[in-house]
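Trainee: The active site, nucleophile annotation in TrEMBL covers Cys96. The active site feature in TrEMBL is assigned to His199. Residues or ranges marked as substrate binding site by TrEMBL: Arg130. According to TrEMBL, the domain 'CobB/CobQ-like glutamine amidotransferase' annotation covers 6-206.
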Amino acid sequence: MADVLRVCALYPDLMNIYADRGNLQLLRKRCEWRGLGFELSGVGLDDPLDPDAHDLFYVGGGQDRDQALCAEDMATNKRDALHKAADDGKVIFAVCGGYQLLGHSYDLDGTKLPGVGLVDLETVREEGPRLIGNVAIEVTLDDTPQVLAGFENHGGRTRLGADTRPLGRVLKGHGNDGRSGFEGARGGARGTVVGTYLHGPLLPKNAWFADWLTATALHRTVSELGVLDDRLEDAAHAAARRAAGI
Ligand code: GLN
């Protein structure tokens with residue numbers, strides 16, 4: 001097994017609301033506990049992005065104004081690298097504001113922020129309240145349906161293209177647009193581009209999902225990663241499910 005997980009966080013200062021960087025800490029700890037190496041680098045505005053130097057690319061959530069700063073840079077300076085990474089089967093994991101930027105555009109009160117076009121979807125900030133609350137979705141990544149539980153807070157409504165796979169089906173909460181019953185999206189040549197509105201931080205409450213991201217990034221199966229003592233993580237997951245009402 002490649003014994004180092006190399007993670008690249010895009011815009012770690014600007015795209016990090018609700019302590020989304022907790023997702024990175026969880027990935028790091030689980031690698032350490034398994035005796036795997038973990039390398040984290042960050043790329044900011046104007047920085048070059050090397051698609052071959054990382055196994056997993058991460059984009060957190062952002063306020064509209066911070067997203068506007070990143071959108072242009074991501075769609076121009078990082079676009080080709082991200083497409084190459086996706087074509088090579090690298091994991092690209094984006095939450096909330098980062099998820100919105102995986103699509104074609106984010107229409108913000110008439111101003112269209114560009115996306116990187118990795119997944120066929122678009123987001124519009126429509127009239128109406130922000131979609132806020134605890135959320136649970138059913139996700140089938142391999143064969144077994146599992147529950148991803150967390151929290152969402154977004155003004156944008158995301159519509160998936162006709163052939164775009166959602167990440168999951170909403171059990172409780174709003175999901176992509178409060179109507180479709182879909183949450184998140186999967187794309188890329190090998191389904192390794194994953195976006196979700198659940199954030200803040202999501203992975204400590206869903207360690208099983210963190211392990212799928214890690215295993216996929218390392219081209220391994222989850223069982224090859226080995227079992228950890230997940231009593232605390234299981235309790236956090238159960239609490240997040242209870243908060244969502246399932
Ligand atoms: N700014 C985006 C929205 O409100 C995303 C917010 C977020 O990342 N929480 O839709």
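Glycine residues also receive a Cβ, built from the backbone N, Cα and C atoms like all the rest.
Automated prediction, rather than curation, is the source of TrEMBL annotations.
Help me picture these features in the structure, burial and contacts included.
Mentor: DSSP classifies Cys96 (active site, nucleophile) as coil under the three-state reduction. Around Cys96 (active site, nucleophile), the same-chain residues at least 6 positions away in sequence with a Cβ under 8 Å from its Cβ are Ile17, Asp20, Gly60, Gly61, Gly62, Glu152, Asn153, His154, Thr196, Tyr197, Leu198, His199.
Residue density at His199 (active site): 27 other Cβ atoms are found within 10 A of its Cβ, drawing on all protein chains shown. Reduced to three states, the DSSP call for His199 (active site) is strand.
In the three-state DSSP reading, Arg130 (substrate binding site) counts as coil.
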Trainee: Including all protein chains shown, what's the count of other C-beta atoms within 10 A of the C-beta of Arg130 (substrate binding site)?
Mentor: 12
